[in-house]
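Engineer: For reference, the structure I am asking about is given below.
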Amino acid sequence: MVLCQGGEAAAVPAAGGKEPEVPLSRKDGVGTGQPCLCPAPGMEAAGAEERRVCGCCSGLSWPRCCKAPGTKKKAACPGLGLFYTVLSAFLFSVASLFLKKIEDVHSVEVSAFRCVFQMAFVLPGLIYYKTGFLGPKGKRIFLFFRGFLGSSAMILLYYAFQVMPLADATVITFSSPVFTSLLAWIFLKEKYSVWDLLFTLFAITGVVLIARPPFLFGSNVTGIEGSYTDHLKGTIAAITSTVSAASTFVILRKVGKSVHYFLSIWYYAVIGLIGCVIALFVMNEWRLPYCGKDRVLLILIGLLGLGGQIFLTKALQIEKAGPVAIMKTMDVVFAFILQILFLNHLPTWWTVGGALCVVASSSGTAIRKWRQSLKKAKQNEI
C-alpha cells in the first residue's frame, strides 16, 4: 500500500479484508492531513479500483499521484494560498463593479451569461476526469439542491448589486459563514456554542445597520442609491442570497468529497442556466445589450467570476480554510475602495459600523473553527 496525505479516496482492502493501521503525518504541505491509500506497484485492481483517486492531487488518478514512486514533490510557496485568496477577492470585486456599470441588462440575464462561462470551463474537466454528468445515484438529489440554491444565490446577489450600494451588498453577503454554522447545527447536528450565537447576533446587528429600517432609523434614510424601496428590496435579496449560499455550504458538507467538485459546479451552472432562461422569458426581459460596452462588460464579468472561483478553489487546496476565510475580508475592503474610486459614492458611518460588525462575526467564526480543527489534529497525532 502507498499512503498519500490529504486524500479521501476509498482504501484498497489488504489481505484479510482489514486495513493496516498507518500513523498519520501532518507535515505534508500538499494535503489536508487526512490519509488516502493508493495501490502499490504491482497491486493494480480491476474495474473501478483501477482508477483510484488520490485527494492529495485534487482528484488525479494514482499513476499521477504526488506520492507515486519516482514523482518529485514540488516545494510549497509560503503564503501562496493567501495570495490566491486576495486575488480571488479582487476579481470578484471588479466583476461586481462591472455589474454596476452595465445598463439596461437584467441581473438574471447577467447570471445566465455567467452560467454559460462556467459550463464551458467545467465540461472539459468532466470529460477528462470521466465523472459523468449526473453523479452517483445517492447524491443526485443533493447536487440538484446545491445547483438550485447556488444559482438562486447568484441571481439574488446580482440583483442586490444593481439596486443598492456595492459595499452594502458585499457586507451583507459576507455574513454567510455565520448562517452556515447555524444551518449546520440545525441540519447536520454540528456543535453550536455560545460563541456562535454571539457571532450570529453581531452579523444580524451589522445587517440592520446597513438596511436601516424606518421603524428604527426614521423615514429619512441617507447614503442609499435610488429610493428606499429599492434599497430594501436589495437588502432582502442580499440576505436571501446569503442564506441560500450558506445552505449550499451545508449541502456540500453533507456530500463531502465523494463527488468531484467539477460535478458540483456543473449542476450549479446547468440548473442556473435553465432557471435563468425560464425566468427571462416569463419576465420578457431577454435582450442583447444595446451598446458594445455592455457586451464587453458581460464577457468580462463571466471571465472574472470564473477566475475568482479558480483562484479561490486553488487557495483552499493549498491553505487551511481558517486563514482563507479571514483573508476573504478583503472582499469588503475592495468593495469600499472601488465604490469610492469609480462610483463616487462615499459609504455612511452606518455602513462602516455594519461592515465592522459583520467582518468581526465572520472572522471570529473562521478563527474559532480553525482553532478547533488544529486542536482536533493534535489530538489525532497523540
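Residue numbers in this text run from 1 along the chain shown.
In case you wondered, yes, glycine gets a Cβ from its N, Cα and C as well.
In TrEMBL, annotation is done automatically, which means it is predicted and not curated.
Below are the features I grabbed from TrEMBL:
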DOMAIN    80-211  domain 'EamA'
TRANSMEM  81-99  transmembrane segment
TRANSMEM  111-129  transmembrane segment
TRANSMEM  141-161  transmembrane segment
TRANSMEM  167-188  transmembrane segment
TRANSMEM  195-215  transmembrane segment
DOMAIN    233-362  domain 'EamA'
TRANSMEM  235-253  transmembrane segment
TRANSMEM  265-283  transmembrane segment
TRANSMEM  295-312  transmembrane segment
TRANSMEM  324-343  transmembrane segment
TRANSMEM  349-367  transmembrane segment
Engineer: What residues in the same chain, six or more past the boundaries of the transmembrane segment (265-283), come closer than 8 Å to it by Cβ-Cβ distance?
Structural biologist: 106, 108-109, 111-112, 114-116, 118-119, 122-123, 126, 133, 135, 143-144, 146-148, 150-152, 154-155, 309
Engineer: Are the transmembrane segment (349-367) and the transmembrane segment (195-215) close, by which I mean at least 3 Cβ pairs under 8 Å that are 6+ residues apart in sequence?
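Structural biologist: As far as Cβ distances go (cut-off 8 Å, pairs 6 or more apart), the transmembrane segment (349-367) and the transmembrane segment (195-215) touch.
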Engineer: Using a Cβ distance cut-off of under 8 Å, indicate which of 111-129, 141-161, 195-215 has the most pairs with the transmembrane segment (167-188).
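Structural biologist: Maximum Cβ contact count belongs to 195-215.
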Engineer: Within the domain 'EamA' (80-211), how many residues are helix, strand or coil going by DSSP?
Structural biologist: 110 helix, 0 strand, 22 coil
